[in-house]
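Taken verbatim from TrEMBL:
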- 29-259: domain 'AlgX/AlgJ SGNH hydrolase-like' (DOMAIN)
- 470-503: repeat 'TPR' (REPEAT)
């Protein structure tokens, strides 16, 4: 590492910046103005030099994942292909600094060795082809980690060859239909400089393109789904899971399939696969991502990812998605009902009963559908047990989904199962600690179980972040009141009233607290003064005056107590308690005046 720290490499004259590489900017300057990725989360430089490889667990995870995907896809009648896009650092290794020595054993080789010769030979890894292609044009630009249009085309041809080996002869985009234009490109590496730097790349142009984009949910990165339809309906169908390298293949792939579904993500979504009934399922990974094997589960759905990320869309993009979803044909987008429900939920609208029925019938294994059904049933309030069942299904399918855990907890709370609600809320908070309100709800659950001490700890932690929460202050006051800590309770009720001046409840609690504890009646009287400024209904004002009467009595001011009780009876003549209170006070006053001792 010392050698790297002492290395002084500057941009050449092709660039306007002479900034040196540093760890915070995640790039490495190579020879002749080439820029490479470095200090990234996948440690690409350490990978290619053999210092960061898969451990035995990682190797076994890949072996079992590929075997399981092969078996599952075969069970649907389709072919499964795995495509690994080579690292730029390996394609242009001669442009790396001299101290970077390429290792012969890297994660790709570990995976292939674990698969065995037969299966490994079917993994598409076009490193040699793309290296050879450099003689004919730039396969990667200097300023980006991704391949150029020309490099992607070479990768596409390798995919077509693999498809032919599987018995599916694709309609290839021949070179005669292609042209490559050299254009300046800043890229994801060039943008790291100030000012940004650019270098040429080769952009592909296809004549008489037959494939067109018919659906795009516009979700940024993971969870984005695009559906391309070709004029030639006789071509095979493909569902592809991949990353940004896969995105560069799309201009070519859409020409080879009647329907191409591109899902940005590493994890299989079986509902999507089964809905489209493809001939080919393609798993695409850029080589540096191999260090982190994906995890598949039978019920995983990108619908949950989409639901979470809708808030990231611009107003125009969200309007576009709503318009597309409302008009797209079910044959083109079979999971449309799930999206209809997601969009309704995102806008805070109820989900139509007919759509709920559709979700139950046609999407019985979709965890996000289960979640939304549970929310809707719980909202209606009449079918809480059924809401709980659907919430439990969502959690079972996606135990890592904090929203699903939270919904189950809320349903259990309404079913008066506070102990189980506590368990689910704690798990939800552990999965997503960024939702402060859930901590308040956890405190509510603890209060219902009379766990006052942990409830206080939970509320205080919440109030450290949300000191303006009147709800939290009032709950804190109730906890202290239950523990007979009058002064702490009173202080909490004061904070609650100050945080929300038009909320009468904490002032009533404060006044009643001072009545019942017979302490600091002056504070209780101040609370009733504030109440009388905001309450105008006669019965409500009568109740406040009775509180004032009691507080004056505690304070030793019988005359003021009688005056307040009299005011209460005037406001509520039929209120028996007010009349009895007034009569009692007057009787005491009479006895005291006449010198008669009370019995």
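The chain as shown is numbered from 1 upward.
Glycine is treated like the rest: Cβ placed from N, Cα and C.
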Spatial neighbours of the repeat 'TPR' (470-503) far in sequence, C-beta under 8 Å, 6+ residues away: 440, 443-444, 447, 450, 452-453, 455-456, 459-460, 462-463, 509-510, 513-514, 517, 519-520, 523, 527, 530, 534
Helix, strand and coil totals (DSSP H, G, I; E, B; other) for the repeat 'TPR' (470-503): 27 helix, 0 strand, 7 coil
For the domain 'AlgX/AlgJ SGNH hydrolase-like' (29-259), mean pLDDT (0 to 100): 97
